[in-house]
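Participant: One structure coming up, written as structure tokens, with questions to follow.
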Amino acid sequence: MKSKKQTKLLLILDGWGYSKTTKNNAIALANTSVWDRLNQTFPHSLIHTSGKDVGLPGKQMGNSEVGHLNLGAGRIVKQDFTRIYNELQNGDFFRNPILRNSLEYANDNNKAIHIMGLLSDGGVHSHEEQIHAMLEMTSRQGCKNVYLHIFTDGRDCAQKSAKKYIKKLESKMKELNTGEIVSLIGRYFSMDRDNRWSRIRYAYELIAKGKAKFLAKSALNAIELAYARGETDEFIQSTSIKAPTSIKKGDVLILMNYRADRARQITCAFTDEDFQGFSRGTFVPTQFVCLTEYKKDFNLPVAYPSSKLNNVLGKYLSNLGMTQLRIAETEKYAHVTFFLNGGIEQAFNGEERVLIPSPDVATYDLQPEMSAFELTDALVENIESQKYDLIICNFANTDMVGHSGKLDATIKAVEAVDTCLGIIYKAMFAIGGEMLITADHGNAEQMINPQTNEVHTAHTNNPVPLIFVSNRKADIMKPGKGALSDIAPTLLAMMDIEKPDEMTGNSLLTFK
């Protein structure tokens with residue numbers, strides 16, 4: 001009979017930030033009796049999740065990919081956004097061999113170039129400056145027939161801000177005398193990550209075949225028509241600009257999103273010869289270029305390949321022969337697996353995974369509890385098994401519902417998670433385990449932009465809480481002294497394991 005483990009649990013409450021301001025703060029306004037009791041009883045602090053503290057430029061807000069990379073790496077991880085930003089500053093971007101080769105191919109073979117991606121300054125999945133730079137590269141290389149397929153945001157930025165970004169892009173096009181915006185669609189359709197292929201189909205048919213629900217005279221007109229229909233940027237339906245434009249065999253497609261999770265499905269639709277998501281009709285092969293590595297087995301040209309991270313938490317524990325469980329609902333499954341493991345898709349030896357399906361609803365404000373209770377049931381069952389040295393669990397609610405901008409729904413999401421915390425605490429207490437609770441970034445603590453008084457759907461730069469739940473006595477680092485890169489070393493300290501040299505983060509706990 002196998003011995004029972006002294007299980008440690010890392011709970012990641014996605015989007016659960018901290019703000020002193022209680023107005024329009026879903027976390028402060030919610031009934032959180034369990035959370036309040038944990039804060040009053042156990043060592044707690046605040047840690048950083050944005051900007052240079054997580055490998056991003058300046059005051060750039062954090063996000064789930066960045067957060068989980070830092071959580072698992074135990075060091076500040078230089079992000080793709082930062083790598084590309086730096087190369088834009090020093091000019092290396094325009095010398096990128098993969099991008100240059102794709103443009104040369106188009107010129108040599110008289111093929112069109114299609115640039116697609118999320119157009120905003122949100123900086124979570126993409127940045128408008130990088131799309132502008134790609135357009136400039138086509139101009140420098142004398143490319144003809146350059147088409148732009150725009151994904152509108154409204155999630156990592158204001159809900160109705162698309163016009164601002166379109167105007168800047170059109171100004172750049174005029175300056176360079178190149179490029180034409182031929183289609184426009186909201187990210188809700190083009191950037192699904194939850195296998196809702198019916199959404200991706202709208203984006204694919206728009207870009208590949210020029211098949212759209214609506215036709216507009218210009219990109220700005222497309223946005224005006226969408227607003228008149230009651231849509232915000234995230235949900236703008238497929239629209240062709242001036243006349244339908246389709247992709248021809250051998251055309252170059254460049255996807256300018258750098259974050260993998262919401263780029264994978266649209267990439268599959270354009271590149272997988274055995275694609276099963278929906279009927280594409282006759283498959284049109286293209287020269288598809290990924291800005292970053294969305295998935296290793298795609299075997300596609302990648303402008304910015306991933307940098308390998310050695311001795312991330314999962315691999316380090318695996319090498320020590322320890323057991324671990326990763327558990328989340330669909331929306332955050334990639335984060336507790338692929339991203340937490342430093343961009344490695346395959347599970348490490350001794351690592352098991354449990355996926356709880358996210359509810360099939362149009363938007364999560366319609367079901368704020370999402371699958372939190374099913375997730376909790378599965379988590380408690382695995383806690384009680386005492387099979388694992390470490391369990392890492394993500395609750396998606398406060399981020400995914402927070403993105404809706406609906407305060408009442410987000411309060412319900414917070415309260416659902418709080419109820420689950422009570423159940424999990426009892427299970428961990430019963431086995432004598434220890435629990436570290438934190439978040440990857442803020443969101444739900446700011447539902448209105450205080451400067452504009454508009455609905456706020458994006459992440460924040462606020463710190464996030466950290467609570468150490470244990471019968472052991474410990475001092476915790478003062479608020480503002482730690483960051484997400486310190487969490488893996490802290491977990492190792494809880495397990496009485498020395499951290500590897502690669503982990504430059506520090507334990508935030510001092511045991512008495």
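Backbone N, Cα and C atoms are what each Cβ position is placed from, and that goes for glycine too.
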Participant: For the Mn(2+) 2 site that Swiss-Prot lists with SER64, ASP440, HIS441, give the additional residue from the candidates ASP14, ASP121, ASP389, ASP496.
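Facilitator: Looking at ASP14, ASP121, ASP389, ASP496, the one Swiss-Prot places in the Mn(2+) 2 site next to SER64, ASP440, HIS441 is ASP14.
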Participant: With ARG155, ASP156, ARG187, ARG193, ARG259, ALA260, ASP261, ARG262, LYS332 listed by Swiss-Prot as binding substrate, identify the candidate in HIS68, HIS114, HIS125 belonging to that site.
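Facilitator: Swiss-Prot names HIS125 for this substrate site.
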Participant: Using DSSP reduced to three states, classify ARG193 (substrate binding site) as helix, strand or coil.
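Facilitator: DSSP call for ARG193 (substrate binding site): coil, neither helix nor strand.
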Participant: Using the Cβ centroid of ASP399, HIS403, HIS459 as the reference point for the Mn(2+) 1 site, which residues of the same chain not in that list have Cβ within 8 Å?
Facilitator: ASP14, GLY15, ASN63, SER64, ARG155, THR398, MET400, GLY402, HIS441, ASN443, ALA444, THR457, ALA458
Participant: Same-chain residues six or more away whose CB lies under 8 A from the CB of HIS441 (Mn(2+) 2 binding site)?
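Facilitator: ASP14, GLY15, GLY17, THR49, SER50, MET61, GLY62, ASN63, SER64, VAL66, GLY67, ASP399, HIS459, THR460, VAL464 - these are the non-local Cβ neighbours of HIS441 (Mn(2+) 2 binding site), listed in sequence order.
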Participant: Do me a favour and check the Cα-Cα span between HIS125 (substrate binding site) and HIS403 (Mn(2+) 1 binding site); whole Å is fine.
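Facilitator: Distance (Cα to Cα, whole Å): 15 Å.
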Participant: Find, among the binding-site residues listed as HIS403, HIS459, the one whose Cβ has the highest number of other Cβ atoms within 10 Å in the structure shown.
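Facilitator: Comparing the binding-site residues HIS403, HIS459, the most crowded Cβ belongs to HIS459.
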Participant: Cβ within 8 Å of the Mn(2+) 2 site centroid (ASP14, SER64, ASP440, HIS441 excluded): which residues?
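Facilitator: Filtered neighbour residues, in order: ILE12, GLY15, THR49, GLY62, ASN63, GLY67, HIS68, HIS335, ASP399, ALA439, ASN443, HIS459.
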